[in-house]
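As annotated by Swiss-Prot, domain 'Globin' applies to 3-147. Look at Swiss-Prot and you will find Ser14, Ser51 tagged as phosphoserine, backed by similarity to another entry. According to Swiss-Prot, the feature heme b binding site maps to His64, His93, an assignment based on sequence analysis.
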Amino acid sequence: MVHLTAEEKAAITSLWGKMNVEEAGGEALGRLLVVYPWTQRFFDNFGNLSSPSAILGNPKVKAHGKKVLTSFGDAIKNMDNLKTTFAKLSELHCDKLHVDPENFRLLGNVMVIILATHFGKEFTPEVQAAWQKLVSAVAIALGHKYH
């Protein structure tokens, strides 16, 4: 499991407190679906995903993105216990949804890009390093059931 220092945890928590989860969630999931189009197969009930503008304007993408980022907020609250925090979501994505665990890593990287675009100079290399560690740890926790 990934170890986060007190400074890294503080940097993550500080930035997360300024995050607009609804806006950033839709943007993150939308970007994932545009940049990695094969991920769209997990969202075939979302309606029109035929173009980047259709995806980014899709209310179901926005709503699910908010749900994803709200769940990610649980990671912020439980940085030292991610495996337990995401046990049920890992089971759901593995057993029922059959999501390739690599997609969790891709979404984490997209989240880092969203953070960089939203926070600019505040998203220093040190802050990025902390977030990269966290999104990697979350991806591992979400993929735990697969092993």
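Each residue's number is its place along the chain shown, starting with 1.
Including glycine, each Cβ sits where the backbone N, Cα and C put it.
These figures come from a predicted structure and were not determined experimentally.
Residue density at Ser51 (phosphoserine): 10 other Cβ atoms are found within 10 A of its Cβ, drawing on all protein chains shown. As a summary of secondary structure, the domain 'Globin' (3-147) carries 116 helix, 0 strand, 29 coil according to DSSP.
A distance of 18 Å separates the Cα atom of Ser51 (phosphoserine) from that of His64 (heme b binding site).
Neighbour count (other Cβ atoms within 10 Å of the Cβ, all protein chains): 17 for His64 (heme b binding site). Between the CA atoms of Ser14 (phosphoserine) and His64 (heme b binding site) there is a gap of 24 Å.
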